[in-house]
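Straight from TrEMBL, the features:
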BINDING   G71, G72, R93, N185  substrate binding site
DOMAIN    32-263  domain 'Aspartate/glutamate/uridylate kinase'
SITE      K36  site 'Transition state stabilizer'
SITE      K245  site 'Transition state stabilizer'
Amino acid sequence: MTDTRATHDDWAATAHTLSQALPYFQRYAGATVVIKLGGHAMGSDEAMRSFARDIVLMRHVGVNPVIVHGGGPMINAMLKAQGVESTFVGGKRVTDAATIEIVEMVLSGLVGKRIVQAIQAEGGQAVGISGKDARLMVCEQTDPALGFVGTPVECNPGFLTALQSTRTIPVIAPIGTGRAGETFNVNGDTAAGAIAASLRADRLLLLTDVSGVKGEDGEVISEITPEAIRALTEDGTISGGMIPKTQTALDAIDGGVRAVVILDGRVPHAALLELYTQGGAGTLIRGQR
Ligand SMILES: Nc1ncnc2c1ncn2[C@@H]1O[C@H](COP(=O)(O)OP(=O)(O)O)[C@@H](O)[C@H]1O
Ligand SMILES: CC(=O)N[C@@H](CCC(=O)OP(=O)(O)O)C(=O)O
């Protein structure tokens with residue numbers, strides 16, 4: 001008897017939570033939300049299942065989710081198996097001709113398809129593409145010293161909105177094409193920012209393995225201004241892999257994205273918490289619109 005009561009109370013709590021989410025469901029119905037899933041945030045099969053389920057739920061309540069993924073640790077493992085060591089400059093991998101082939105194989109072939117399969121296992125429809133497909137991300141070389149690393153200069157948002165009209169969730173690997181048909185390695189955060197700006201997205205969520213941008217005291221900053229980002233980068237508080245993330249946030253906002261959030265993708269249901277509850281965590285960078 002007591003057990004039945006407890007279960008009933010649990011259900012009542014679940015129903016209450018769902019009911020509380022109504023204003024958020026209404027706010028984000030029809031919104032475009034670009035979610036960047038970093039390699040460090042991907043984790044176990046169970047974490048991937050949970051992420052995929054959340055994305056399918058978002059789709060069902062009217063959000064247009066666009067996934068852009070990373071896969072740095074997976075690329076490192078494959079390069080190591082081939083006896084190749086990578087170096088990073090400002091959070092970007094120095095990419096020679098042999099490395100770009102492995103990067104493309106790992107991102108488009110392995111990581112992207114794993115996410116597609118996970119979404120489809122939860123009942124969604126997803127398609128794995130890279131910035132080469134439909135000229136989604138045309139790039140210029142970022143810096144000759146980085147080799148085949150590209151900066152997106154032109155996107156194809158019309159192709160993504162066409163996918164949205166069939167409720168298909170794009171899963172995008174950060175590989176770009178050059179105007180002369182070269183293949184470029186694009187930092188996952190940079191790619192997500194360019195795509196979010198081209199769509200004038202309502203939200204860009206950068207899911208990583210830290211709880212947000214940390215200040216000098218090591219505490220997460222819940223909301224940060226572009227000026228503070230510049231100051232913390234200059235004094236070295238923001239370093240390594242956090243540089244492309246914060247730079248992406250600034251570029252995305254300049255490009256018309258409403259808001260960017262940098263948050264911990266290892267927290268279960270991180271994206272749902274951010275969109276559908278008051279308990280959204282991480283660091284918010286607000287745009288102008
Ligand atoms: N000020 C900072 N606040 C938080 N993380 C920082 C900061 N400066 C550097 N970092 C580093 O940035 C890392 C996130 O970047 P990265 O490893 O490239 O993530 P991902 O694989 O998710 O793209 C964190 O794990 C942390 O070590
Ligand atoms: C140019 C560049 O650095 N490209 C990245 C692309 C993958 C990525 O960004 O992965 P995470 O998001 O997991 O870090 C790389 O080669 O690692």
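Every residue gets a Cβ built from N, Cα and C, even glycine.
Keep in mind that TrEMBL annotations are predicted by a computer and have not been checked by a curator.
These figures come from a predicted structure and were not determined experimentally.
Proximity to ligand 2 at the level of Cβ atoms, with a cut-off under 6 angstroms, picks out G71 from the recorded positions K36, G71, K245.
Classification of K245 (site 'Transition state stabilizer') by DSSP places it within a helix. Between the candidate recorded positions, K36, R93, K245, the densest Cβ environment within 10 Å is the one around K36. Ranking the binding-site residues G71, G72 by other CB atoms within 10 A of the CB puts G72 at the bottom. In three-state terms derived from DSSP, R93 (substrate binding site) belongs to an extended strand segment.
The recorded positions near ligand 1, defined by a Cβ under 6 Å from one of its atoms, are G72, chosen from K36, G71, G72, R93, N185. Residue pairs drawn from G71, G72, R93, N185, the listed substrate binders, are separated by up to 12 Å at the Cα level. Residue pair R93 (substrate binding site) / K245 (site 'Transition state stabilizer') shows a Cα separation of 15 Å.
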